[in-house]
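According to Swiss-Prot, the protein carries these features:
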- 26-46: transmembrane segment (TRANSMEM)
- 73-93: transmembrane segment (TRANSMEM)
- 98-118: transmembrane segment (TRANSMEM)
- 132-152: transmembrane segment (TRANSMEM)
- 168-188: transmembrane segment (TRANSMEM)
- 199-219: transmembrane segment (TRANSMEM)
- 236-256: transmembrane segment (TRANSMEM)
- 263-283: transmembrane segment (TRANSMEM)
- 288-308: transmembrane segment (TRANSMEM)
- 338-358: transmembrane segment (TRANSMEM)
Amino acid sequence: MLVWFAEYLLKYNTAFNVVSYISFRSIMALLTAMAIGLWIGPKVINRLQILKFGQEVRNDGPESHFKKRGTPTMGGIMILVSIGVSSLLWADLRNPYVWFTLFVLFGYGIVGFVDDYWKIARKNTDGLVARWKYFWLSFIAFIAAFSMYAMGKDTAATQLVVPFFKEVMPQLGLFYIILAYFVIVGTSNAVNLTDGLDGLAIVPTIMVTAAFALIAWATGNIHAAEYLYIPYIRHSGELAIMCTAIVGAGLGFLWYNTYPAQVFMGDVGSLSLGGALGVIAVLVRQELLLLVMGGVFVVEALSVILQVGSYKLRQKRIFRMAPIHHHFELKGWPEPRVIVRFWIITLVLVLVGLVTLKLR
């Protein structure tokens, strides 16, 4: 929005040209989202406490989690508000990639909100009926995937980028829609599964999204794209603003979510953040790189799949409890140790992922 005002005021003072730079707006989007999160955090937490929107805890989980029962949840609302206001202020709203991201972010946020509300209303951890939850997640993902494909059909925007190979960029055709669907829905659910400990999901999300801010800038800059042998995609540079808005909102939320947490993001936060991260990875054509940098999310999701599959086939469990962070807790690891070690692993994976951009 501010881009429009700056363009109008440019004829009066050339200093307003600074707003045209993605780097400037990215920094401002981060600071704005973080400031909003820090400001509204206490208000949101207080309101959630008044409404008795407290966390429900599984009875078969680690005993250390019982003290978390009643901690305000649905704090993802403050994340969505922070991202929404910041991106509307600093992103160029004429850019369709901005709207694709916002559509998935808030669409998944609504699904997560309903899921959280049902958990609170029923006083259990089941939430929204699974088939309806995945129906709406799939419906939103398919709309986004089809729209993105229609806009970028048979261009660099629908090529598959393979790490380490600069010449291997096949056109995906209609398979683009299927791949985009699985990346968006899969990432959303993986982040949701990771969100089981204080700060465990938000910090890896911040790290991976910060890396994608750099990737988005490079993909939208023809010279940087040529240097890194990645496809140049015209509209993708603006996604850097969306990424830094997510980073800023995440930092603002982390202020209140760090151990011991004053608030949990709930599904309204984890589903929306995961969905946004997935759609950004699709738009900059780095789905495979997301698997590397978001390795913690991948392992968390795989641990659940393997646990369920093993129990159905063999009536035996592989882990003491899934997702895998609970397995380490039941082995005797203190919660902060699990959290920080997963953060460290994510940092290493993000750095490895960024290095692969040059190793082609």
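Even glycines carry a Cβ here, placed using N, Cα and C.
From a predicted model like this one, the values you see are computed outputs, not experimental measurements.
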Segment proximity, the transmembrane segment (199-219) to the transmembrane segment (338-358), 3 or more C-beta pairs under 8 Å: yes
Winner by Cβ pairs under 8 Å against the transmembrane segment (288-308), considering only 26-46, 73-93, 132-152, 168-188, 236-256: 168-188
Long-range environment of the transmembrane segment (73-93) - Cβ separation under 8 angstroms, sequence gap at least 6: 1-4, 25-26, 28-30, 32-34, 36-37, 40-41, 44-45, 48, 53-55, 99, 101-102, 105-106, 109, 112-113, 116-117, 120, 238, 241-242, 245-246, 248-250, 252-253, 256-257, 263-270, 272-273, 276
The transmembrane segment (199-219) versus listed stretches 26-46, 132-152, 168-188, 236-256, 263-283: most Cβ pairs under 8 Å: 236-256
Top Cβ-contact partner of the transmembrane segment (26-46) among 98-118, 132-152, 168-188, 236-256 (pairs under 8 Å): 236-256
For the transmembrane segment (132-152): best-contacting stretch of 98-118, 168-188, 236-256, by Cβ pairs under 8 Å: 168-188
